[in-house]
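Since the structure comes first, as structure tokens, the remarks are kept for the end.
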Amino acid sequence: MRIFLYFLVYFLIPQICWTHQYLPIDRIPDWKLKNDGNIGPSYGQPEQIRISYGGDPSVSFVTWQTFDDTLQSIVEYGSDWKSLNQSVLGRCSVFLDRNKNSVWRYIHRANLTALVPGQTYYYHVGSEHGWSPIYFFTALKERENDGGGYIYAVYGDLGVENGRSLGTIQKMAQRGELDMVLHVGDFAYNMDESNGETGDEFLRQIEPISAYIPYMATVGNHEYFNNFTHFVNRFTMPNSDHNLFYSYDLGHAHFVVFSTEFYFNIQWGYHQMKNQFEWLKEDLKKANENRKNIPWIITMGHRPMYCSDFDGDDCTKYESIIRTGLPLTHGYGLEKLFYEYGVDIELWAHEHSYERLWPVYNRTVYNGTHLPYTNPPAPVHIITGSAGCRENTDVFVEHPPPWSAVRSTDYGFGIMRIYNSTHLNFKQINVAQGGTEDDDFWVVKTSEKHHRPFKHRDLKKLRTYGTHVPDKYCHHHSHCPMEKKKKRTRRHQHYF
């Protein structure tokens, strides 16, 4: 049976596959062929348990891994940990990442449906060949006693080594202080390393989070290996077979997750970029048609459009690719698309720092009023990529450009709370300084009519009270080409 599966995975299934290829239900594993009750799977213990949002509060996806075929993939659950009286049978797929010495990984997935929002469920996963510990989760429901809404941990760039924010997030998840994690790219550093063992260790480390609350994933540059195969195969996201771009509604917000990596990993073809862009347009169109019911639109992509880090990344360029699209043609640029469809908040990572921007569009910064985040005439960008990894934090340029409002180079993560249709709060927690807050601000829409595509009057407001940053803009004399030229001339005169 194992030889047949090897042939199936390597030859019959296309090399670049974005769907989960489930094993036949009537398969007979090698250990079963021996017809000996004393022999079972060699490695049947489940691990790396993670739940994710199923696109509706009544649905949760449960994913886990074994290193052998256990034949059955079972979740037993109930409202009392002593009586797990409900069960659901899932499916299993083989994951071989095409490393030289690929490890056989069996990825199990099961869907829990008809959950009652607000009810706590106890569960474990596995089969007769091994069961996980009993965990619990609460089916998603808006908070009632302390202001309403949902609370999200937001971060990117969390690695196996030096994961500074991990312990704080684990504790908050288990105490019920978080409803969901939004991981905005870059996992483990890297999931494919050491034949995938780094990915295994990472998923074990986040299990004290992901077994209790939904863990939602966005692809980043560190997932590039073999066309993001570890990311595609290890996670289970709603409304998608591949996890690379998808969307979902929760409470008052429509979340749009997409891949910035298509713009930089073009060896896999431009069609990925094109397909995603067309999907984004259609998804944002539908989201705006439903804006009366779900007003906030929030995007998540790994590499930001703007930043003030001292590293030469795309976001430091005048025409960043994510912002303006492909060089020369400006094809598939995202800033104009997001503006035309009225995206409220854009969440990013990649830079190992925290930076909050003033509302900005096309390098015009809305920073000339006392309340720039009340009915802002442009999207609000937040970069939070300092959860902790082996690459340490990034440094900023000494004198930031006008779009930069708040910056921090310490390790930490964000806490976003969407209270209702008008108020959203974001905090950045500094774990390097014992949990202090680097930032705490509100985005306010005074009425639902301000949740809409940005229009000409918004551009006028932006230009009237904002600052435009052209190509040769000089925000500090140390950045001015003429000033640098004068300094070089003075040095020349002094020495010669």
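Glycine is treated like the rest: Cβ placed from N, Cα and C.
Those TrEMBL annotations? Automatic predictions, nothing curated.
Residues or ranges marked as signal peptide in TrEMBL: 1-19. According to TrEMBL, the feature domain 'Purple acid phosphatase N-terminal' maps to 46-138. Positions annotated as domain 'Calcineurin-like phosphoesterase' by TrEMBL: 153-354. The domain 'Purple acid phosphatase C-terminal' annotation in TrEMBL covers 378-437. Under the heading region 'Disordered', TrEMBL lists 476-496.
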What does the DSSP secondary structure composition of the domain 'Purple acid phosphatase N-terminal' (46-138) look like, as residue counts for helix, strand and coil? 0 helix, 52 strand, 41 coil
Looking only at the domain 'Purple acid phosphatase C-terminal' (378-437), how are its residues distributed among DSSP helix, strand and coil? 0 helix, 29 strand, 31 coil
Between 0 and 100, where does the mean pLDDT of the domain 'Purple acid phosphatase C-terminal' (378-437) sit? 96
